[in-house]
Structure formats: C-alpha cells, structure tokens
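Engineer: First the structure, which I've put down as structure tokens, then a few questions once you've had a look.
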Amino acid sequence: MFNFGKKKPAPPPAPAKKEAAAGPQGFSPEDLARAFDAHQEEKAAREAARAEARAAYAQPVAKSALARGFANLFTRNAKLDENLLDEIETALITADVGVAATTRIVDDLRERMNAREFPDVPALVRALRGELMALLAPVAKPLRIDPEAKPFVLLTVGVNGVGKTTTIGKLAHRFQNEGRGLMLAAGDTFRAAAVEQLKVWGERNGVPVVAQGQNADPASVAYDALQSAKSRGTEILICDTAGRLHTQAGLMSELGKIKRVLGKIDPRAPHETLMVIDGTTGQNALNQLRQFNQAAKVTGLVVTKLDGTAKGGVLFALAREFAIPIRFVGLGERLEDLREFDPEAFVDVLLPETLAS
C-alpha cells in the first residue's frame, strides 16, 4: 500500500544513437554513392565513345551498297511476308555477304517469322540487326601488344594494291600516339619505289626504317631488322612484304621463309601476321585469305577502302568462313581513318535503329 523507504525504479536507458545503415556487404552509403558516381561516369564515357565511333563510320559505311539496299527496302511500306525475306536475301547476296552467311541469316529470320515472333516489320528489322551483330561480334578483337615480346613483331601480308604500305604508315602513327617505340622493315624489295615509300612514311612519323634496297632478300631484311630492334629495345617491329597474287606459289612460299627466319631469333615471332584486304574486292577476298592463311597462318585482318565503292558485305563473309579477328578497318585517307573494328558502330550505320521504329 505505502512504498516508504523503497528506491524509485531506475529510468530506462537512453536509446543508443542510430548509426548510418550499412549497405550491401557492409558498404557505407558514402561508398555506394561513390561507386554509383563512378559507374555513371564510366557509362557516359562509353556512350561518348559509341557516338564518336558511329560518327566515324557514318559517311563511308552509309555509302555502301548494303546500307543503301536496306534503306530502300525498309523505308517504303514493306509487308511482313516471304517476298520481304527474298528481297533481304537479294540485298545481302548482291552486297558480297556470301551465300553461306546469307543463308544462315535468312533461314533464321524465316523460322522466327513462321513461328510468329515478329508482330510487324520493325520487329524483323531488330532481329536482322541481331543476326548481323552475331556474325561480326566474335571477330571484333582489337590487336593487343604483348608486353613480354621485345620487340612485338607484326608481319603484314596481302596481294598487290591493297594498301599495305599505307596501312603500315597509319599503324606507325597510331602506335606513336600511344607512346610506343617502333621500327619498320622495308621487306617489299620487289616493287619499284616501295622501299622509298616506306622510308617516307618513316620520316613522316619519325620512325627508323631498316632497308637493303630493291631486289634484296626479304627474309634477310626481316632478320636484320629484328636483330636491330632487339638491340635497341624497340617495342614494336612492323615488317612490310611485297604484294603477291595468291596464285603465285613461289612468292607465297617466300612468306613461310620470312617467318622461319624471324623464328630463329625469337621462336614466337612474328607475334601477329596481319593480312590487308581491299574491301572493294568482294568474294575474291575469300580466295585470297584461304591461300595466305595456308602459307603464313594469318592471325588478324585489316579491311581497307570501306570509304570507296565497297559493297560492305565482305566483312560478314570473312567472319562467317574464317573467324579470324578483324583488327582494323580503313574508313578514309587520313591517318586517323584507320580505326579499330567496331561491329556495333558498323551495324548501326548499315541498318540504323531508326528503321526499326
């Protein structure tokens, strides 16, 4: 009844101050905010690079026969039927995509159309974009310079008139802008003025050129250049070779000799055998690559002159048959117009998303 002499109960403890809630896996809100900001910056950089790549591809690729064919086909009131598939097939074949790649693309579209996957023509266009990307994406592998290779030896091969020496000059410019030390080997000792042409490129880029003059043994030039590059600690050695027809067995076997001589100094050399292909050549490019690959084991491709009269489809044919990485494409005459192959930018210009809307 009365509680005289009894202590009052102690007051309840004050609630502890709330600490900032930890995020996933113990990260603080500040950590998560910084990670989000970094992600947004990276995303913005990717989008800017994508826009820049599309701009570089826009004019040369949009002029191609395949891009014009798609534009004519899908800007009119096309109907979703077998006739549309026939017209797609014709556009692909006439643009040098090749029978094998065209058959794969059209058969896949036909199967999906018959399964009623496409509610309208724009849905088919989106599927066609996916088919084109699926062919090119596996061969879009940039050239990586092995830092363990001193020097990294790059051997260029190809038929006459594809732009090998010009490509070497543009590669030299590119590597110099990356801060790499390099040297050129004038191995095209057959064509008149070829050595002088490479020397001009070397002088223009401030790059040393190893040469022995016209009619010298190309294997000897390559051997001397590799020895010189090793002694100087050069990072990259680019070896030019004479253009040759893929039907000239003797000259094709000479490429094997060059590779064997390089291998005596460095068993892994050449580290990259880069074949330069004229994008206007069409289906003949496949025959060329078969023979050069047999003689020299091609590890990468440069497809030039896509800014000219190229039909645009040969890239798909090469990718479908050989699956050899396409390292670079030539989109113009400027030094900067030799660009790493970007299949997404290429397809974006060839078959714009706007045609699927």
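Every residue, even glycine, has its Cβ placed from backbone N, Cα and C.
Quick paste of what TrEMBL says about this protein:
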- 158-165, 240-244, 304-307: GTP binding site (BINDING)
- 325-338: domain 'SRP54-type proteins GTP-binding' (DOMAIN)
- 1-30: region 'Disordered' (REGION)
Engineer: What three-state secondary structure does DSSP assign to LYS164 (GTP binding site)?
Structural biologist: helix
Engineer: Return the count of C-beta atoms lying within 10 angstroms of the C-beta of THR241 (GTP binding site), excluding that atom itself.
Structural biologist: 27
Engineer: On the 0 to 100 scale, where does the mean pLDDT of the domain 'SRP54-type proteins GTP-binding' (325-338) fall?
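Structural biologist: Residues in the domain 'SRP54-type proteins GTP-binding' (325-338) carry a mean pLDDT of 93 in this prediction.
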Engineer: Around the Cβ of GLY161 (GTP binding site), how many other Cβ atoms lie within 10 Å? Please give the count over every shown protein chain.
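Structural biologist: Neighbour count, Cβ to Cβ under the 10 Å cut-off: 10.
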Engineer: If you run through the domain 'SRP54-type proteins GTP-binding' (325-338) with DSSP, how many residues end up as helix, strand and coil?
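Structural biologist: In the domain 'SRP54-type proteins GTP-binding' (325-338), the DSSP-based counts are 3 helix, 6 strand, 5 coil.
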Engineer: Mind telling me which of the binding-site residues LYS164, ARG244 has the densest Cβ neighbourhood, counting other Cβ atoms within 10 Å?
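Structural biologist: Result for the most crowded candidate: LYS164.
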